[in-house]
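Here is the structure we will look at.
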Amino acid sequence: QVLILKGLKQEVSCLCPSPDGLHLAVGYEDGSIRVFSLLSGEANITFNGHKAAVTALQYDHLGGRLVSGSKDTDVIVWDVINESGLYRLKGHKDAVTQVLFLKEKNLLVTSGKDTLVKWWDLDTQHCFKTLVGHRTEVWGMALLSEEKRLITGSADSELRVWDITYIQEVKDPDEPESKKSKESSPGAEENTEEDETLELDENPEERLVKCSKVGSIMREGRDRIVTLATDRTGKILACHGTDAVLEVFTVLSDEEVQKKLEKKIKKAKKKAKKNSEEEPEKSVELSLQEEIQRVTNVRASSKIKSFDLILSPKGELKIVLLLQNNIIESYNLNLLAQVPQAVRTSKITIGGHRSDVRTLAFSSDNIAILSAAAESVKIWNRSTLQCIRTMDCEYALCSLFVPGDRQVIIGTKTGKLQLYDLASGSLMETLDAHDGALWSIALSPDQRGFVTGGADKCVKFWEFELVKDESSVQKRLSMKHVRILQLDEDVLCVRYSPNQKLLAVSLLDCTVKVFYVDTLKFFLSLYGHKLPVLCMDISYDGTLIATGSADRNVKIWGLDFGDCHRSLFAHDDSVMYLQFVVKSHLFFTAGKDGKIKQWDADKFEHIQTLEGHHQEVWCLAVSPNGDYVVSASHDKSLRLWERTREPLVLEEEREMQREAEYEESVAKEDQPVVAGETQGETGLAGKKTIETIKAAEQIMEAIELYREETAKLKEHKAICKAAGKEVPFPVNPILRAYGNITPSAYVLEVFKKVKSSELEESLLVLPFSYVPDLLRLFNEYIHLGSEVELLCRALLFLLKIHFGQITSNHMLVTVIEDLKKTTISRVSEARDVLGFNMAGLQYLKREIEAKDEVTFFADATDRFEEKKRKRKKKEKMILAVL
């Protein structure tokens, strides 16, 4: 492991490295995109535009632009250098599955679950072509043969291949020159009658690109495509479905196709000579299967989630696979071999489980954590987070550390009890305890035995005993069945009271029955839940029992009379696990809604929510000292939570919760309508978030301060004039903090602090009453030549959204006229500077290239001499052998 990029709380849904390999764009489940620097490991840029999970990301070949597609059906193009959104493209009716930039042309291809492939002209930001040849969702897309071919994968076993012809390249030699020039620049449309007739003659769909289906390549998989991709060179194409097989194809280059065709023509000529026919040159063509050839299938050890390829110059293909069961495998494939076979070179399997963890336990010294899943039991060191033991087991449902922490007991789905020795990592004993699943196990408070409950409607009592093996001299630990309690329903959970007088048993009939341990006589029945109680726990003093149910409620009962103290609506889905913190009436619950919550059983209050898991939380364990909580989830992760010394103020927690709810509601609101914007294919890239509202508020506050300070300054001047002497002027503390700057300079400082990606959205929610002041300030700043690019961008956007109000305001006429002159002159100055710098850089580049060429040729001659020497040596050796 080299680097971990720390994200926020959301799940990562998409990755895309930049062409220079220095950055990684990461798409999240909540629709945000963050661009990480791989050198520093920090997220430099955040883009907020999508309302749902990001499903596709792609950089253009220079890495200056990033395009993202999402489940919300929108495609957004982002400017990475300026850190802002360019525009939103709307057209798909379902989730976008793939987005691709074309290198040569300013075009974009997108595919979606709505069975469509759309072509977008990014100069005019509209969809000019839609491919409708698919019957089902288009799940993947790739460009081949220097972007002359498009290959699409859908829900069947066909890979459809399309030929792409760029209209500008196809020119009729008899065509007049004027018509050629007009056709070759479809963006420049003149409003003349002649031009309009031209547009009508042409098929409007085929103005930039002609796309025709060539044929199909059949996959071996029968299910849908999950990932379809090529390597960087475009020579290798690979795809996989929902199974464990990766199918690899090789794509022939133009030279290879030509060679193959020449061979085929030669063969055909020979055949024709034999049969004395005419030369069949025209009829000889390569089939699609000959141009895109199947290499081999790579079979992984489990279902594939995604993959990536690198083709080395020596012809060796390196493949890395991410599998559904939490393994990463890498394969090598030698393409030059007669029969290419994939060889697994390495796999990353250390650490986590291959399936969901269903049970957790802490050792009595708080140091070791046990986690058990469908295939193995693992012991982890809490402080180093390293896995120190892995032992194979059956499907585990419950577990405990034997007192002394040298052995562990696992209860399985088949009703077995398995006893493991931790020192040797071996299975010491297996007992058939129950006829059905063994759902729950609880250690007795005197630590001499334990109790188990299962689906066979029995509660069984066990004691630890030392038995002597015939093979060894020493005695070993074993388990002895002592008593049985037969019930009318399946047992889901069992718990002892701390004084070992009572035993609580949760049954499938939604009740909890409490029995005396010594006589097994019935004591109490706790009924009130609408669905079965899945988990429960008894407090340290034996006064309270808390039960968590599949009806999403937690009920707190008194163990003296069995009365329900309070019912709490705890989670948005089933409550899966519940445990009290030692020596307190606080308890934790884990839910299928992915949250872990802490509650107070005395005041019946929700204390805090621990958010981190992305899917259902199956179980948790609180450490014996109460300082740690470990939780396991369907997202394949174990999370360790630590109690801090920081005091928790409930009012603050509630305030933070309300703020989070408000932020969520802001994101769900409809986006503000921009005046003059048609609700068509394009829109603004950003979206209204709490950050954009805060930025707008800061701008408003800065303008208010500017107004107040200028008014005060006028008053101060009048006072000085009346007094006939200089009176000291009190400086505003905010301006003093910024180094005694002027109020107008303060507004510019605030403006510069607004994130580039949030600028447009912030200006969109800014009331018009602040705009005149802003325009006057912009005029002042641009005169000084500061931040010309930023100010021009903001100015043009404000003019666009408030065009009517600004033009009808007579007070602003002079300001706008002045702005027109200053902006044009300042922007042309900036362009001149850039042009000069570019020319200088190109000159330096040419100088360096010239030097490199000289050294390159010197290197080449050295290498040639070396090869000559080696050949001579080899020849001598062969002669000697002969």
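Even glycines carry a Cβ here, placed using N, Cα and C.
Because TrEMBL annotations are produced automatically, they should be read as predictions rather than curated entries.
Distant neighbours of the coiled coil (251-278): 144-146, 230, 234-237, 284-286, 290-293; these residues of the same chain sit at least 6 beyond its ends, with a Cβ under 8 Å from one of its Cβ atoms. The annotation coiled coil is assigned in TrEMBL to 251-278.
For 173-183, the entry in TrEMBL reads compositional bias 'Basic and acidic residues'.
Residues or ranges marked as compositional bias 'Acidic residues' by TrEMBL: 190-204.
Here TrEMBL flags 744-846 as domain 'Small-subunit processome Utp12'. Computed over the domain 'Small-subunit processome Utp12' (744-846), the whole-number mean pLDDT of the model equals 87.
Here TrEMBL flags 173-205 as region 'Disordered'.
The repeat 'WD' annotation in TrEMBL covers 5-46 (among others). A Cβ distance under 8 Å defines the sequence-distant neighbours of the repeat 'WD' (5-46), meaning residues of its chain 6+ beyond its ends; these are 52-59, 61-63, 66, 68, 70, 72, 78, 80, 83, 611-612, 614, 635, 755, 757.
Counting only same-chain residues 6+ beyond the ends of the repeat 'WD' (47-88), those with a CB under 8 A from a CB of the stretch are 13-20, 23, 25, 27-35, 94-101, 103, 108, 110, 112, 114, 120, 122, 125, 667-668, 682-687, 689, 691, 755-760. Per TrEMBL, the feature repeat 'WD' maps to 47-88 (among others).
DSSP states for the repeat 'WD' (89-130), grouped as helix (H, G, I), strand (E, B) and coil, give 0 helix, 24 strand, 18 coil. The repeat 'WD' annotation in TrEMBL covers 89-130 (among others).
Taken from TrEMBL, the feature repeat 'WD' applies to 131-172 (among others). Proximity of distant same-chain residues to the repeat 'WD' (131-172), defined by a Cβ-Cβ separation under 8 Å and at least 6 residues beyond the stretch ends, is recorded for 94, 97-98, 100, 102-105, 109, 111-119, 180, 183-184, 186, 206-230, 234, 237, 239, 251, 253-254, 288, 292.
Taken from TrEMBL, the feature repeat 'WD' covers 350-390 (among others).
Sequence-distant contacts of the repeat 'WD' (431-465), counting only residues of its own chain at least 6 positions beyond either end whose CB sits under 8 Å from a CB of the stretch, comprise 397-400, 402-403, 409, 411-417, 419, 477-500, 503, 505-506. Sequence annotations record features per position, and here TrEMBL assigns repeat 'WD' to 431-465 (among others).
Cβ atoms under 8 Å from those of the repeat 'WD' (526-567) belong to residues 492-493, 495-499, 501-502, 504, 506-514, 573-580, 582-585, 587, 589, 591, 599, 601, 604 of the same chain, restricted to positions at least 6 beyond its ends. Taken from TrEMBL, the feature repeat 'WD' covers 526-567 (among others).
Per TrEMBL, the feature repeat 'WD' maps to 568-609 (among others). When Cβ-Cβ distances below 8 Å are used as the criterion, the repeat 'WD' (568-609) is approached by residues 531, 534-540, 544, 546-550, 552-556, 615-622, 624-626, 629, 631, 633, 635, 641, 648, 650, 653, 657 of the same chain, each at least six residues removed from its ends.
Feature annotation from TrEMBL assigns repeat 'WD' to 610-642 (among others). If one looks beyond the repeat 'WD' (610-642) by at least 6 residues along the same chain, the residues whose Cβ comes under 8 Å of a Cβ in the stretch are 9-11, 29, 326, 352-353, 356-362, 364-366, 369, 371, 380, 382, 385, 573, 576-577, 579-584, 588, 590-598.
Same-chain residues lying 6+ beyond the ends of the repeat 'WD' (350-390) with a Cβ under 8 Å from its Cβ atoms: 302, 325-327, 396-401, 403, 405, 408, 410, 420, 422, 425, 618-625, 627-628, 630-634, 636-638, 640.
Helix first, then strand, then coil: DSSP counts for the repeat 'WD' (131-172) stand at 3 helix, 23 strand, 16 coil.
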